[in-house]
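K.L.:
Sharing the features that TrEMBL gives for it:
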ACT_SITE  Tyr477  active site, proton donor/acceptor
BINDING   144-150, 226-229, 278-284  FAD binding site
DOMAIN    112-294  domain 'FAD-binding PCMH-type'
SITE      Arg329  site 'Important for enzyme activity'
Amino acid sequence: MKWNGWGYNDSKFIFNKKGQAEFTGKRYRLSGMVLPVLKEWMEKTLGASLEHKITSRAFLNTSDVPPSIVNEEFLQDLRATKISYSQEAEDRVFRAHGHCLHEIFVLREGMFKRIPDIVVWPGCHDDVVKIVELACKHNLCIIPFGGGTSVSSALECPADERRTIVSLDTSQMNRILWVDEKNLTAHIEAGIVGQDLERQLGESGYCTGHEPDSMEFSSLGGWVATRASGMKKNSYGNIEDLVVHIKMVTPRGVIEKSCQVPRMSTGPDIHHFIMGSEGTLGVVTEVTIKIRPIPEYKKYGSVVFPNFERGVACLREIAKQRCAPASVRLVDNAQFQFGHALKPQVASIFTSFLDGLKKFYITKFKGFDPNELCVATLLFEGDREKVLQHEKQVYDIAAKFRYDFQGILFLIWSDLGLDYYVIGESFETSVPWDRVIDLCRNVKERIVRECKEKGVQFAPLSTCRVTQTYDAGACVYFYFAFNYRGISDPVHVYEQIERAAREEILANGGSLSHHHGVGKLRKQWMKESISDVGLGMLKSVKEYVDPNNIFGNRNLL
């Protein structure tokens, strides 16, 4: 894993000696391929230049790392439990952060003021119970760590925390404890990573269907703790729809229901205090989750629309008719152009001819403006016959809004931009259908306006896509980036602009978050989002379950 960026060390975008972009490694479909258009796109869209490059630190300088401050009595008791632990600088720094822009920027340019003092690796639920009991005995601070994919500052250590901070890494709790084929459920340790969970279930012919963009690295416990959503939620549901039973260790003891049943009418659901609690109440250790047989058939497709408004109208109609495919994502024109920039070098004259024919057909024959058109990508899965029927139904709806070819692939850009003075990040919201268009337009315009007012010299990238859809609305993902050459404190400027964008989202009827969570990054808006009384309810639960603030990451509240 990269110590100061997203993903694996062997998988990254680079510019070769010819000035062409390449994606290294062997893990992905783009690996080893040349991307001849990406350089031009970065220059044209963001003002980036190969002549202006920043070289980040290649290695962690351990002398920069704050020293470990550990309660010796706690350490002595911990050794007696035989639970693995570390005070090494590399282990502590790796678990001191998620993947917010400012966190990665700190790693590339400096060091955090406060990081965990010790990392512990419990091997099972009982180990977690022992660690929490010791933390209560010695008055320590615990911050649970799953996959480390947070983008809400949830893993950052409070700078003024004077107690020993323990990073409780759940990665060794990664087993499927049992699979119940009659009831189609599986009981799983919370530290398992999404791709490993699906692979292991797949060996028995099952899946969860929960596939967030981060599933390669994020953990089951993290999904629960952040109320996660996956790209195929239309077929499988969000995490709250999949969970049957949760076991969580708190300073007051273990929280869990008395039986593993599909539904209980026993007052407010305690699962909903756990889901979205973001490590403030305890550690999720085991989860029973719904599973399904692996779908027999999968089919990908795409739909091209003349503009974003027509695309949103089509998705709204699909939602109204309750026929959404497993996954449907609508990207605006800026993301369409970016997807084109990620296109690999053409392998043959015939392929080049076909690509040109598609472009001619859409822009000339269909009359679509290449600077306005947008694309929805689709995934159908299930029984073959039903998939084909479902596909026809969706395409019949889409035909009313004008569409064409299939097979367009969009990938998420890595941290290449940071090497060339470009910083950016994503943020998301959910919004009612009747406000989708206005919210998207107003937020993008606000970003452009704020950049100009803050002295950003180059035009920013301000783009969005509609991802998960519901009866009453949709999730909208924004991507925002700018070239910060000439700005002395780019992270501060970025955060000011992002805050303004979040204010615009709320003013336009959007939610504080759809699935990224609150963490420390957005908690200033919690009272506005759930009311003063609602916030007081959460505080009351925190005070009862964790009166001494053992789980003191200070998220949400």
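Glycine residues also receive a Cβ, built from the backbone N, Cα and C atoms like all the rest.
Because TrEMBL annotations are produced automatically, they should be read as predictions rather than curated entries.
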K.L.:
Within 10 Å of the Cβ of Gly147 (FAD binding site), how many other Cβ atoms can you find? Include all protein chains, please.
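P.N.:
Other Cβ atoms found within 10 Å: 22.
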K.L.:
Tyr477 (active site, proton donor/acceptor) to Arg329 (site 'Important for enzyme activity'): how many Å between their Cα atoms?
P.N.:
10
K.L.:
Note the mean pLDDT of the domain 'FAD-binding PCMH-type' (112-294), expressed as a whole number.
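P.N.:
Computed over the domain 'FAD-binding PCMH-type' (112-294), the mean pLDDT is 97 on the 0 to 100 scale.
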K.L.:
By a simple count, how many Cβ atoms lie within 10 Å of the Cβ of Ser150 (FAD binding site), its own Cβ left out?
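P.N.:
Counting Cβ neighbours of Ser150 (FAD binding site) within 10 Å gives 29.
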K.L.:
At a 10 Å cut-off from the C-beta of Gly282 (FAD binding site), count the other C-beta atoms across all protein chains.
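P.N.:
Gly282 (FAD binding site) is surrounded by 26 other Cβ atoms within 10 Å.
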K.L.:
Calculate the distance in Å between the alpha carbons (Cα) of Ala228 (FAD binding site) and Arg329 (site 'Important for enzyme activity'), and round it to a whole number.
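P.N.:
So the Cα of Arg329 (site 'Important for enzyme activity') lies 17 Å away from that of Ala228 (FAD binding site).
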K.L.:
Round to a whole number and give the Cα-to-Cα distance in Å for the pair Gly279 (FAD binding site) and Arg329 (site 'Important for enzyme activity').
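P.N.:
Per the Cα atoms, Gly279 (FAD binding site) and Arg329 (site 'Important for enzyme activity') stand 30 Å apart.
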K.L.:
How many whole Å apart are the CA atoms of Ser150 (FAD binding site) and Arg329 (site 'Important for enzyme activity')?
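P.N.:
Counting only the Cα atoms, the answer is 22 Å.
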K.L.:
Say you check the Cα of Arg329 (site 'Important for enzyme activity') against those of the binding-site residues Pro144, Gly147, Gly282; which is nearest?
P.N.:
Gly147
